[in-house]
Amino acid sequence: MLALSKVGNSAYPDVSAVYSHISDPREKRRLALAEIDKSPFSWQHVRLVVVAGVGFFTDAYNIFAINMTTVMLGMVYWQDSNDGHIPHDADVAIKVATSAGTVLGQLVFGHLADRWGRKRMYGLELTIIICTTLAQALCAPSLAVSFVGVMVFWRIVMGVGIGGDYPLSSVITSEFANTKWRGAMIGAVFAMQGIGQFAAALLALITALAFRSSLETASDVSHCDDGCRRAVDVMWRVVLGFGSVPGWFALYYRLTIPETPRYTFDVLRDPEKARADADLFRSGGKGEAQPDRLRRLQEREAVRRKYSTPRPSLREFAHFFAQRRNALVLFGTAGSWFFLDVAFYGLGLNTGTILHTIGFADRTNVFEMLYNAAVGQLVLVCAGAIPGYWASVFLVDVIGRKPIQIMGFVILTALFAVIGFAFDGLGQAAMLTLYVLCQFFFNFGPNATTFIIPGECYPTRFRATAHGLSAASGKLGAIVAQVAFAPLARRGADSSSSSSSDPPTSSSDSASSNTSPDAAAAAATDETPWLHGVMQIFALFMFCGILSSLVVPETRRRSLEELAGEADARIYEVKLVPRFGRGGAGAAPGSAAGSGPNGGGSERWSVGQGSPATTSVDVDEEAEVGRRRARRWSLGGVAGKWLHL
């Protein structure tokens, strides 16, 4: 048995030292990646999860914070024109802008991560998020541009950065992780979204307490005087601007992380660099490794002469997914994410009713309104979302991704059906319970697994592109929920009752501290009279999610190469030139110098691309390796042919 040398720590054994005697790059790749897959969980894995997770903390914070601040924007910029309420069209534009930018970022960054490398793109998306978050906090109207126009612009650009974080963080974590805990590591990165939501609500609560004296002077949003407006103006800028702070701590580590060994092996075809980068990462180093240049060039030349690997391109991507099996998997990951996000983002339409039900929508002044909204969000996030996220982290490698996803869709189908068809007969406790259960099984269910699976089930050269395409499909579902289903839920509502713009944080101005929970909940329901019908439609979407999940592969405790169909090292294709007998490459089949496949001479294959090669491989020797071969002949002599391994 091979003994590992004592270099670095246990995250990645010193594969370059152990396998330096092996000349076949395919075998080196197989053994090196096997060591990565079997490496014990260590501090380097924890650091990777934290660095990648900070990005998702920032993503969720920025998306959730805007829901907490739109009511503040109404008090500041629409006090005179709309009685302190942000217009519905402006509210939708600001929120949908982020999702639109996210779709673009997921598609563009996903493809570029496969084409140019994970390392080149990682950190760029976080830089975009940091800069645009600060720009939003400094937004103000002018004579040339409106406030909404400036805010929408920066939200779109920020969305591009958020979108880029989805495929990059998932794929990088997946390719550095060991097989045993890969699902938990990717799930932990995604679970930082729950912490980001909690932080956004917490900071909104802190700022409300900090400006309490100024806010208590206004009885409601339409009576916010200059002192109140000044306080609220500072509050929303602080809440949004804080979203850039965590990113500063992770940016350096993202910019200095080495390229993933799998990408360097499979796409760059640089085995020596891949092993060196793995050694650098496991030893806690930063940046790129600097292996011996001569040895690196020799290995790259050997790989170039002997092997050919399809390069990542849109044409190759289309060819790969034109195959029925691959297309079904892509439909499963993209379709499941789309069906999920329609209901996941649409559930926010019911948040206003839930806040009324649990008593966090009552107030006598602006301070109580903002304070109760923040506390109510903290309660809901802690009750359902965060436990669901971490239940997935702890159980995804035990139960499996596919069972959790299907289980979640089944339970959510039942929950939405109950909410939709029994809406009018549900009491306060029942509505609250159903809402919390939906939040829990979203996150201990398809919301986590739809992020995990696409980062595992595709080949290295398409992994980020396919993940980005799947994630973009989900964000399209979010846009559908915000643009189509939000107005649908308000169908039949009076214009006066629908003037409030943000269901999670606002309510009817007529509510007061002595309003009963039942009456307050009824008032919230009046703003969305067709909400029950929307919940019924969401139940149908969840049922469709069950069907699309059936074609998704189970990835638990399986290597990425096995999932991609590369378990037998097919990522490298050997190009052989037929040479018959002992007469050299130019001898024709059946000539005196040798005989062809039907002759009695000794058949040999020269490795190369139509030129004399320094290495010959006997067919008998190749048979001893035990791999299946498929040979295609050409009588041209110098024409190269492919041997698929």
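Heads up, the Cβ atoms here are built off N, Cα and C, so glycines get one too.
Predicted automatically and left uncurated, TrEMBL annotations should be read as such.
Here TrEMBL flags 48-78, 90-109, 144-163, 184-211, 234-253, 327-349, 369-392, 404-423, 533-552 as transmembrane segment. What TrEMBL records for 48-557 is domain 'Major facilitator superfamily (MFS) profile'. Residues or ranges marked as region 'Disordered' in TrEMBL: 492-521, 584-623. TrEMBL lists 494-521 with the feature compositional bias 'Low complexity'.
Same-chain neighbours of the transmembrane segment (369-392): 68, 71-72, 187, 190-191, 193-195, 197-198, 201-202, 204-205, 208-209, 215, 220-221, 235, 351, 354-355, 358-363, 404, 435-445, 447-449, 504-507, counting only residues six or more beyond its ends whose CB sits under 8 Å from a CB of the stretch. Between the transmembrane segment (184-211) and the transmembrane segment (327-349) there are fewer than 3 Cβ pairs closer than 8 Å, counting only pairs 6 or more residues apart in sequence, which means the two stretches are not in contact. Predicted-model confidence for the domain 'Major facilitator superfamily (MFS) profile' (48-557) is 87, expressed as mean pLDDT.
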